[in-house]
Amino acid sequence: FSFSDRIQLPRNMIENSMFEEEPDVVDLAKEPCLHPLEPDEVEYEPRSSRLLVRGLGEHEMDDDEEDYESSAKLLGMSFMNRSSGLRNNMSVYRQNANGSCSVPSMRTVVVCTVVLVIAVSLIMVIYLLPKCTFTKEGCHKKNHTMELIYPLATNGKLFPWAKIRLPSDVVPLHYDLVLQPNLTTLKFAGSVKIVVNIVQVTWKIVLHSWHQAKPVEFLEYPLHDQIAIMAPEALLVGQNYTVNIEYSSNLSDTYYGFYKISYKDENSKQRWFAATQFEPLAARSAFPCFDEPAFKATFLIKIKRDEKLSTLSNMPKKATTPVTNGIVQDEFFVSLKMSTYLVAFVVADLKNISREINGSLISVYAIPQHLNQVEYALNTAVKLLEFYQQYFLINYPLEKLDLVAIPDFQSGAMENWGLITFRETALLFNSNTSSARDKKLITAVIAHELAHQWFGNLVTMEWWNELWLNEGFATFMEYFAMEEVFPELHSDEDFLNLIFKAMMKDSLNSSHPVSSAVQSSEQIEEMFDALSYIKVTLKIF
C-alpha cells in the first residue's frame, strides 16, 4: 500500500495512544510479520477511545470507563488533529506484499541526516562560543594585544584593571582627609590627599570610590567601585606620589557609609546626627581610598562643623580653629596604621563622662537626655580594658577610647579603633528600668568590641575570607573576659549554649569552612554569619 491509500478516520473518533493498552511486544528484527496479508486484504480498524485496562476484556467496561470514553469523544477534534500528524509520521515503514517490512525511503534518510548534521553543528557552536555571547550585555570586543579582557569605563575607554581586588603595584602610606558635613542640607564636601608608594613600575593608580555625579578626569568602573588615575608618565619604583581629589556627596539614607539619622531632643525637636559605618566596604562611599583590609595607612582627619556641635574620630583632638562665621575645624592627631574599614567620625550634639586608665582616657558619649544612663558602660569598659591589657601583655595603644551611643544604629556595635559606636540599647543602662538581661547584654557587647581592639584592629586579616580572625576570637574573648571579670553574670551558661548553637549550625548543608574564598561584595557580606562568629570557638574550646 502507499501513502495515498490511507482510509480517512471518522472525525468523531479519537486516535489516542494515551487511552490504549499496549499489545505484547514483538521483536520485528527477529520475526517477520506474523500474518502477512495480500495488498487488497489490508484492513484498518480505527482505534477506540476506550481505556482498555489490563485484565478486562474489550467489552467489559464499567461506568468509569464509559466516562473516560465520553470525555475523550468531547475532545475528539483536538486529538484528531494531533493523531493525524502522528499517523503520517508513522507511515515511513511500508508492509510489502510478502509480509516483510521494508527500510525507510531515501528521502527520509536524507532528511534525517541533514537534521542530525544541523543539530550537531548547533551544539558545537554553542559549546565553543564564549558564554557571554548569549547574555544581555554581550561580550566586549577582544583586544588581542592584552592578555586580559579589560572592562569599559563610564566614558567608553578601556578601564586598566579587570579584577575586584586592587593591584598591588601601588600602596597607600598616608591620608589627609578633610570633611565638611552639613546637617542642614544633609550633604558633605571633602578632599583627600593620599601619599602612595610605587612597588612596581606602573602608569596607573587604581583605588576605590563610589560614583560621583560631577564629571571627573579619571576613569571610573562603577561595577567594582573603582577609579583609575592615568599618569602622563611612568611612576617609578620606590618613589612616593601624592594624589589630590576633591569631591562631594549626600549623607547616606542607609546605615552604611557616612550616614545621617534624626532623633527627638528633650524638647521634642527634630535633631540630626551624622555617623559612619564602614565595615566591610563602605569607606569608599565617604572618601576615595584603597578600601581593602591589607592596605593599611595612617590618617590625618580634619572635620569642619557647626560650632554648636561636637566631632569625634579615631584619634584625640589636636586643635580647633575658626573657619567662617559659626563654622570651626577640628583637627585630630595622626592615627596609627590601620585599615580603611576602621576609620570613623561622628558629628552631633553629644555629652560625655570620662575616666583615665594607664595613660588612656576612656569616655562614654550619648545625646544630652541620655547622659544619666552611661555610668554602667564606663565602669564596665574600664574593668574590661584593664583585664585585656593584663591578659594579652600588650597595652591598649591609643591615648583615648570613646564609646558612643547612637540613637539609630543597625548593628549592635562597631569596633572602630578608638571610637566604638553602639546601638543605644547595647550601651545605655537605666538603673530604674533596665533588667538584669539588659546588663548582661551591655557587658557582652562591650567585652566583644574591646577584644576587637587587639583581634582585628591591631592584628587584621589580609582579606575578608579570614573574617574569623576578627569575629571568632572576639566572640571567645567576650565570654572568657565576662567570666573572669563579672562571674556574677554567669556567662559560662551562655557560652555552653553558644557551643551547641555552633554545632547545630555546622551540621546543616548551608555550613561552610571558617575560611572561604570570597570576591564579590555579596560574598563578603555573606561571611558575616553565625559560623564566622561562633564556629572557631569550637576549636578554641
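From the backbone N, Cα and C atoms, a Cβ is placed for every residue, glycine too.
As recorded in TrEMBL:
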type     : residues         : note
ACT_SITE : E449             : active site, proton acceptor
BINDING  : H448, H452, E471 : Zn(2+) binding site
DOMAIN   : 171-342          : domain 'Aminopeptidase N-like N-terminal'
DOMAIN   : 376-535          : domain 'Peptidase M1 membrane alanine aminopeptidase'
SITE     : Y533             : site 'Transition state stabilizer'
TRANSMEM : 109-129          : transmembrane segment
Packing count at Y533 (site 'Transition state stabilizer') (other Cβ atoms within 10 Å of its Cβ):
23
Determine which residues of this chain, when H448, H452, E471 are set aside, have a Cβ within 8 Å of the centroid of the Zn(2+) site's Cβ atoms, and list them as they appear in the sequence.
E415, E449, A451, F455, G456, N470, F473, A474, T475, E478, Y533
Between H448 (Zn(2+) binding site) and Y533 (site 'Transition state stabilizer'), how far is it from one CA atom to the other, in Å?
11
Name, in the order they occur in the sequence, the residues of the same chain whose CB lies under 8 A from the CB of H452 (Zn(2+) binding site) and which sit 6 or more residues away.
E415, N470, A474
Length of the line joining the Cα atoms of E471 (Zn(2+) binding site) and E449 (active site, proton acceptor), in Å:
10
Output, ordered by sequence, the same-chain residues six or more apart from E449 (active site, proton acceptor) with a CB under 8 Å from its CB, or 'none'.
A413, M414, E415, I420, F422, A474
Looking at the domain 'Aminopeptidase N-like N-terminal' (171-342) alone, can you tell me the average pLDDT?
92
How many other Cβ atoms sit within 10 Å of the Cβ of E471 (Zn(2+) binding site)?
27
